[in-house]
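Below you'll find the structure, written out as structure tokens, and then a few comments.
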Amino acid sequence: MGCLLFLVLLEFQKIWGSFEAPQTSFPFRFLQISSFANHSWTRTDGLMWLGELQPYTWRNESSTIRFLKHWSQGTFSDQQWEQLQHTFQVYRSSFTRDIREFVKMLPGDYPFEIQISGGCELLPRNISESFLRAALQEKDVLSFQGMSWVSAPDAPPWSQVVCKVLNEDQGTKETVHWLLHDICPELVKGLMQTGKSELEKQVKPEAWLSSGPSPGPDRLLLGCHVSGFYPKPVWVMWMRGEQEEPGTQQGDVMPNADSTWYLRVTLEVAAGEAAGLSCRVKHSSLGDQDIILYWDGKRVSRGLIVVLVILVFVLLFVGGLVFWFRKHRRYQDIS
């Protein structure tokens, strides 16, 4: 594996240049999951993100990385992408073969799963930070630091053997270093140019309050709903004046169908202590104009509001039909 990857590296470096980091950065992350059921069956899938967006995927059934965005090629040429695809094809076949060889050398047996995570982030002054870690059954085993493989602090003793074998392969180490510290930052720089409009998209949230099912006698469950915001990072808190309420419970940030996000934050309080509470929302799309909603004790849920509005329309419609019917019948009586 090392010799072949090293030769590929020497050929590739002839056409790849240096990069300059842009002012705004988005972390690039990839995750590889490889499942080994036995000595002959294995599956490897890969996912890649730039910030919150997923520009690539690599399914086990495919020999190439698939573009998920129209701007996924970045500023790389077709030739550069073709060579990268070849590098990863060599890597995947070599990885599977090498893992099977390690299984013969080390304690343990099939089935097992390996997770490999890595990525890079561009920082000011043309600096980048990169990382690469490997885990077995979700427990860290080793990482790539500088130009060497290093065993994780709580890794089993056999991880030292794996690191020793990997560190003897100078060609592969140089290829990994090149991919992490040269190619990854250059790829991210290009993606931030071609995907600029989508990466920097800002959508303002809307927020509303509700009261949930009573958690007990003389107790209230207050809900603060925030929806339709993008990007994902958001800060929502129940407040009393300028003080944060320590009992605030935040749910998971959930995706909407339009690629924006939704969050519900709750607070359980005594009925007599609800007055004076407010929900505060901070988001990048709002600038310094935070959303502040005050609890007045008369809030009803948005669902109930919708039901009431529908009821009003139904009553108006029925009333209109009755009025029309009576008027029409009166005209018939006159004629």
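Along the chain as shown, residues are numbered 1 onward.
Cβ coordinates are placed from backbone N, Cα and C, and glycine is handled just like the others.
D-galactosylceramide binding, as stated in Swiss-Prot, involves Asp169, Gln170, Gly171, Thr172; the candidate among Asp98, Asp109, Asp252 given for that site is Asp98. Record note: among 19-22, 119-122, 179-182, 331-334, 331-334 is the stretch given as motif 'Internalization signal' by Swiss-Prot.
For Cys224, the disulfide partner recorded in Swiss-Prot among Cys163, Cys279 is Cys279. The number of other Cβ atoms within 10 Å of the Cβ belonging to Asn60 (N-linked glycosylation site), over all protein chains shown, comes to 13. Secondary structure at Asn126 (N-linked glycosylation site), as computed by DSSP, is coil. Fewest Cβ neighbours within 10 Å among the disulfide-bonded residues Cys120, Cys184, Cys224, Cys279: this applies to Cys184. Farthest C-alpha pair in the D-galactosylceramide-binding residues Asp98, Asp169, Gln170, Gly171, Thr172: 16 Å apart. For the topological domain 'Extracellular' (18-304), the predicted model reports an average pLDDT of 92.
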